[in-house]
């Protein structure tokens, strides 16, 4: 059993975590966006700035995302290094910095839109890594 299940857990463990994470956080953002003033009106992202008062769900969303990206930054050196290790490290560091700035400068509306643009693709990438068999090999090669 160790020879069969251990490689599967090693391959799909991190991807499963990311799939579960994005399956929760992306719908939360869609709920926040749909019920916001700037739904369909991107000009309203910039009105009433600085927006010092934010509701609890938006605050939890931004800080939850920020903590996730900090965790991703710390974990990247624990995993086996890939060819794009420095690019991913830089990507995580830039994302952490942008989230810190959007929260510190009261631009949580813009920050949440930025996050969903990142997250929508990250929702589908783990699914591609689960693709079985040789017919799906093109989906899993980065």
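From the backbone N, Cα and C atoms, a Cβ is placed for every residue, glycine too.
Straight from TrEMBL, the features:
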type	residues	note
DOMAIN	11-130	domain 'TLC'
TRANSMEM	12-34	transmembrane segment
TRANSMEM	88-106	transmembrane segment
TRANSMEM	112-131	transmembrane segment
Reported mean pLDDT - the domain 'TLC' (11-130): 81
For the transmembrane segment (88-106), sequence-distant contacts whose Cβ falls under 8 Å of one of its Cβ atoms, 6 or more beyond its ends: 49-52, 62-63, 65-66, 69-70, 72-73, 76, 82, 114-115, 118
Composition by DSSP (helix, strand, coil) of residues within the domain 'TLC' (11-130): 90 helix, 0 strand, 30 coil
